[in-house]
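Asks: Residues or ranges marked as active site by TrEMBL: Asp183, His232. Per TrEMBL, active site, amidino-cysteine intermediate is recorded for Cys339.
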Amino acid sequence: MPSTALPSVQADNEWSQLRAVIVGRAANSCFPSEPPHMIKATMPEQYHEKFQPKSRFPQDVLHKADAELDQLVNVLAQEGIKVYRPNNVDWYEVGGYTGSMPRDGLVAVGNTIIEAPFSWRSRRCEVDLAYGNILAELAKEGPLTIVRAPKILDADTIYNGIENHEKEKEPVWAINNSRPAFDAADFMRFGKVLIGQYSNVTNHKGVEYLRACVPDGYTVEMLEVDDPHAMHIDATILPLKRGLLVYNPLRTSETALRRHSVLQDWDLRAYPFVPKMRDDPPLFMTSEWLCMNVLSISESKVIVEEKDVEFAEWVKQFGIQPIPLPLQHVNSIGGSFHCATVDLVRHDVSV
Ligand code: DAV
């Protein structure tokens with residue numbers, strides 16, 4: 001490896017000029033099968049019965065979702081951004097969920113890429129199967145640190161004692177603390193500081209583990225969030241550019257955000273509208289706050305779902321150009337532009 005090789009991974013915020021990114025794939029995605037108490041804690045009530053073993057998402061939703069992702073890839077490529085795509089995986093065959101939500105399983109922190117120790121059994125093999133080849137390619141292209149997650153091969157303990165717990169009693173989350181668990185999408189990067197949330201998929205040991213995985217000089221702080229259904233922070237807070245963050249006022253507050261010194265001087269904006277729930281195609285796995293789940297490709301350009309006109313209009317006052325693209329069928333299976341991507345290289349990293 002020549003010592004002059006450029007890093008294939010170098011990103012520690014959500015807004016600097018994007019240079020390289022992973023964009024997910026929807027084909028063969030299935031409703032994830034997890035214990036009923038986990039589905040109850042995290043998924044919209046009207047769709048609970050769909051979360052069974054071997055339960056496919058509607059084929060037409062998946063076809064359209066892949067067309068949307070392909071269009072996103074083209075737009076990113078036109079912007080000069082290098083795009084990596086996951087393997088095709090038969091999620092039905094392996095009892096898994098999807099390759100369309102890479103943000104949950106991988107996070108770049110500086111020149112390190114960290115694999116999430118998923119709490120969900122249905123996601124145990126997701127990074128290996130969908131993104132293993134990308135990790136190998138990144139390692140070939142430049143010097144980087146890859147931190148793979150410890151794997152549970154047989155019986156897990158993460159749900160022990162939780163399935164029948166009564167709501168009033170501790171613990172309040174759908175997992176226990178018997179091993180480290182987090183989803184990468186429970187964290188946002190603000191340079192040397194990551195801000196995260198505890199959730200139904202991220203426990204205390206998981207946060208300690210992440211602290212041990214981030215490169216020297218990086219710290220992980222936890223935001224106070226009021227959301228018993230919490231799973232992924234990217235419809236709760238989202239930095240749109242340096243110094244500007246939008247938050248969901250039903251889940252957190254300016255007071256809670258200001259406790260983080262990295263946000264002291266930021267313009268913190270409660271999203272001023274009430275987003276509308278969509279049922280065609282259905283939002284099987286998320287809330288209507290998914291409209292906040294945008295992808296900044298630079299400090300002045302943000303990709304937004306084309307139907308989220310209110311959001312697109314709202315960002316213009318901050319000197320941000322919204323790029324509207326369709327992603328409703330990807331939304332249907334679990335997330336929007338932030339969830340469906342992993343930024344690998346952004347132009348500036350903090351020093
Ligand atoms: O708050 O509805 C959005 C993010 C899903 N990965 C929510 C979750």
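Cβ coordinates are placed from backbone N, Cα and C, and glycine is handled just like the others.
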Asks: Counting across all protein chains shown, how many other Cβ atoms sit within 10 Å of the Cβ of His232 (active site)?
Replies: 26
Asks: From the active-site residues listed here (Asp183, His232, Cys339), select those whose CB sits under 6 A from an atom of ligand 1.
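Replies: Close enough to ligand 1 are His232, Cys339.
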Asks: For Asp183 (active site) and Cys339 (active site, amidino-cysteine intermediate), determine the Cα separation and express it in whole Å.
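Replies: Cα-Cα, rounded: 11 Å.
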Asks: Between His232 (active site) and the residue listed as 'active site, amidino-cysteine intermediate', what is the CA-CA distance rounded to a whole number of Å?
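Replies: Just about 9 Å between their Cα atoms.
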Asks: Which residues, sitting 6 or more apart from the residue listed as 'active site, amidino-cysteine intermediate' on the same chain, put a CB under 8 Å from its CB?
Replies: Met101, Arg103, Asp104, Ala185, His232, Asp234, Asn293
Asks: Provide the number of Cβ atoms within 10 Å of the Cβ of Asp183 (active site), excluding the reference atom itself.
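Replies: Asp183 (active site) is surrounded by 26 other Cβ atoms within 10 Å.
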